[in-house]
Amino acid sequence: MASDGDISLEQIKNEIVDLENIPVEEVFKLLKCTREGLTTAEGETRLSIFGHNKLEEKKDNKVLKFLGFMWNPLSWVMEAAAIMAIVLANGGGKPPDWPDFVGIVTLLLINSTISFIEENSAGNAAAALMAGLAPKTKVLRDGKWSEQEASILVPGDIISVKLGDIIPADARLLEGDPLKIDQAALTGESLPVTKNPGDSVFSGSTCKQGELDAIVIATGIHSFFGKAAHLVDNTNNVGHFQQVLTSIGNFCIFSIGIGMVIEIIVMYPIQHRNYRDGIDNLLVLLIGGIPIAMPTVLSVTMAIGSHRLSEQGAITKRMTAIEEMAGMDILCSDKTGTLTLNKLTVDKNLVEVFINDMDVDTLVLLAARASRVENQDAIDACIVGMLSDPKQAREGITELHFLPFNPVDKRTAITYTDSKGEWYRCSKGAPEEIIDLCGLTGGMRKKALSIIDGYANRGLRSLGVARQTIPEKTKESPGGPWEFVGLLPLFDPPRHDSAETIKRALELGISVKMITGDQLAIGKETGRRLGMGTDMYPSSALLGQCGDEDIAAIPIDELIEKADGFAGVFPEHKYEIVRRLQERKHICGMTGDGVNDAPALKKADIGIAVADSTDAARGASDIVLTEPGLSVIVSAVLTSRSIFQRMKNYTIYAVSITIRIVLGFMLVALIWKFDFSPFMVLVIAILNDGTIMTISKDRVRPSPKPDTWKLDEIFATGVVLGTYMAIVTVFFFWLVHDTEFFTRTFGVKPINDNEDALTTALYLQVSTVSQALIFVTRSRSWSFIELPGPLLLIAFILAQLVATLLAVYANWGFARIQGIGWEWAGAIWVFSIITYIPLDVLKFFIRYALTGDAWGDVVQSKQITVHFKASRHHLKPGPMMSLLQLSDLAQQKQPKKRADIERFSPRSTARDLN
């Protein structure tokens, strides 16, 4: 084997030496560094060798990403139309159709550019927010301690590890007192482990007690953390969104194909139409029928929605997770830190005092005196935090000696003198140890054990408190008899808004299941306090190993579906819960914070990394929360449903327009042998797309229940509405071409012998109703009752103004249109308004046929009210609010700040009480 001096840093990177298991001094030699740390120059050199200390995410090529927006079935059809305009249309004694070619290419570029800009902007915003969550660390560089981003760490750096720190890289501890390290996020170990000088600590674990320096031995993907996270790449899901987009696109393409085949068969073999005129009619169906803006509208809608969610504290890493969140019907939530505060507290109402002349406040004060006031663990912080002022813990006394917690005594103790010079000692710790310390017997012992059992049955941990006098007035003296003072129940309390948020989630059709690693009794007590039910089971039930015969008799899938939660859960259990729920056709959300949660987060339809989660959990998730608590998730669901509703409204609109264009223009072309201008269809498409783009910011009512893509509803509604509008267009053309209805009714001049004027009139009628259709598809009730967003309304008015001005004044020979004047424009507008009204009625009939809802409910589309008081996000509506009002409130821009919450895991305190 090569000597230490012969081993290069490159070889260290390739892990030819096990730096975890050799003496620390050998580590310094191999890494060619000292206890004085590295210089900045050395750090930069090593950074080029080892890379940044983070999990790298793949970045898309921007050019390929832009071109990708023009590489989909819908774009292919439009590109085929562009080729037709200059290749196949080059015949019949006419030149290539360059205006249509330029118009089609322009439309493609505009749609792709908008999609690229909006999606890129949303991605950059999310990346900026994620960068703000980058962990910091104290590192010794150039002989000075400074706080730096953890990503700059390299093997050989000296870092400081203290209470509350997340270990930024794999490291070996240097000289000092032992640390308590919580490795639950990495290994699933529920209790903190003791790490002595020379031991290894791993990236992603948390320091729960003590302070030591350490030498970094592995970073980034080479760390224990990075290797585990790398395995997550093996799990992948395909979102529903792309499948739906493909289905709708294929339906539209198929409809256009049928129309074109019919036109070709009738126009050439039967009607013997001119070659070039036939090509123009085919272009009309291709250009007008393809919803080319669909990918753009939907991606822009999700990009804007993603930005709104980030303002509410939910960063979307995968934008298609928005539509999946809208359909989420089960949320598997971890308990600690999400449903609860992740901060132990004492339930004063349940405190038991065993001394007649003592009150609860005095008992708490004695327990606080037996606690550290600095470098506290979770229990010490809890007890001292019960005082009105933490300084009271040492007020009026002089600390002489403090006995820290140790696994043998399982208690802490303080020796002190009061203002009168009297010596006392008080202790707190595991209740059985305190009972034995005091020598309780008979009825008193039985009473104390009964109270402890009562606490345990309710999921509360117990803390015993005792005191004694020290007549000898020496620290070494055993003192007088110990007096049992009382028992304190410890509990991780629910967040103030959790119960109301769970109630709101149930009203929105979302079942919340608690998935916790804590004991079953603790899970049930939390569920009882939150009102989410106590039908919870141990994790053994997931494996069919539960000792309860009644539970074992229930099929596991059914048990998971009906349970309120599971306790004693490990990461593999989370994955199994998600998998089985998905097999039963549920859209499942899962929260998590550790690297061992990553596979379940990746598997879930919506993986949610909670606030302060590890980088691995964030990397595997679809949504990253920047604020703690469940309320941010439910608020995000409301926003997601609003976003989804906009997308659903547009898809119905797109299908309707395809049917209307294909059927309407095909019938006009075949019945009257009328050749409509492809360029004017292109104008209709451009104006329609310009208007419909604003739907991404429309004001909509979110669904009161989980909403998913129902293709039968989309296609049925689109076909019926589109067919009706096509029939209206054919009827309109018949009135103008074959009758004198408009001349008699409105006093306008006949235009039936002027093909250019007929084209203009038909253009205005089609353009008017096509754009107005969005008001029908966007509303659940009467379209004139549910007012649209101001941007959509303004865009519609502007588009109609342009369309009307073109119809009135334009005389474009290349487009074969001629201005028809204001009289005809007014008459067409009246006709359009009258024929628009039945669209709402048709919408109601379709919904009634598909859902079977009572007609009154369909027409009124009654609003589901939500009882909602307040949330962490400053949403304070009145006692009764409609979903529309609540959604608007949820989407208001709120000033966000990163939650500065001291996180203590209840698991980290279990060792104090064992």
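Just so it is clear, glycine is given a Cβ too, placed from its N, Cα and C backbone atoms.
Note that TrEMBL annotation is computational and uncurated.
Quick look at what TrEMBL annotates:
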{"type": "COMPBIAS", "residues": "897-914", "note": "compositional bias 'Basic and acidic residues'"}
{"type": "DOMAIN", "residues": "18-90", "note": "domain 'Cation-transporting P-type ATPase N-terminal'"}
{"type": "REGION", "residues": "894-914", "note": "region 'Disordered'"}
{"type": "TRANSMEM", "residues": "66-89", "note": "transmembrane segment"}
{"type": "TRANSMEM", "residues": "101-117", "note": "transmembrane segment"}
{"type": "TRANSMEM", "residues": "251-270", "note": "transmembrane segment"}
{"type": "TRANSMEM", "residues": "282-304", "note": "transmembrane segment"}
{"type": "TRANSMEM", "residues": "650-672", "note": "transmembrane segment"}
{"type": "TRANSMEM", "residues": "715-737", "note": "transmembrane segment"}
{"type": "TRANSMEM", "residues": "757-777", "note": "transmembrane segment"}
{"type": "TRANSMEM", "residues": "789-812", "note": "transmembrane segment"}
{"type": "TRANSMEM", "residues": "824-842", "note": "transmembrane segment"}
Predicted model, mean pLDDT over the domain 'Cation-transporting P-type ATPase N-terminal' (18-90): 82
Long-range environment of the transmembrane segment (282-304) - Cβ separation under 8 angstroms, sequence gap at least 6: 69, 72, 74-75, 77-78, 80-81, 84-85, 89, 97, 100, 104, 107-108, 111-112, 114-115, 118-119, 121-122, 241, 245, 248-249, 252-253, 255-256, 259-260, 263-264, 319-320, 322-323, 643, 646-647, 650-651, 654-655, 657-658, 661-662, 665-666, 669, 676-678, 681-682, 684-685, 688-689, 692-693, 695-697
Close approaches to the transmembrane segment (824-842) from elsewhere in its chain (Cβ under 8 angstroms; 6 or more beyond its ends): 720-721, 724-725, 728, 732, 742, 745-746, 748-749, 751, 761, 764-765, 768-769, 772-773, 776, 779, 782-783, 804, 807-808
DSSP residue counts for the domain 'Cation-transporting P-type ATPase N-terminal' (18-90), split into helix, strand and coil: 40 helix, 1 strand, 32 coil
Folded-back contacts onto the transmembrane segment (789-812), same chain, C-beta under 8 angstroms, at least six residues removed: 679, 683-684, 687-688, 690-691, 693-695, 697-699, 760-761, 763-764, 767-768, 771-772, 774-775, 778, 818-822, 824-825, 828-829
Tertiary contacts of the transmembrane segment (251-270), as residues 6+ beyond its ends and Cβ separation under 8 Å: 73-74, 77, 277-278, 281-282, 285-286, 289-291, 654-655, 658-659, 662-663, 666, 669-670, 715
For the transmembrane segment (715-737), sequence-distant contacts whose Cβ falls under 8 Å of one of its Cβ atoms, 6 or more beyond its ends: 251, 651-665, 667-668, 671-672, 674, 751-752, 758, 761-762, 765-766, 769-770, 773, 776-777, 831, 835, 838-839, 842-843, 846-847, 849-850
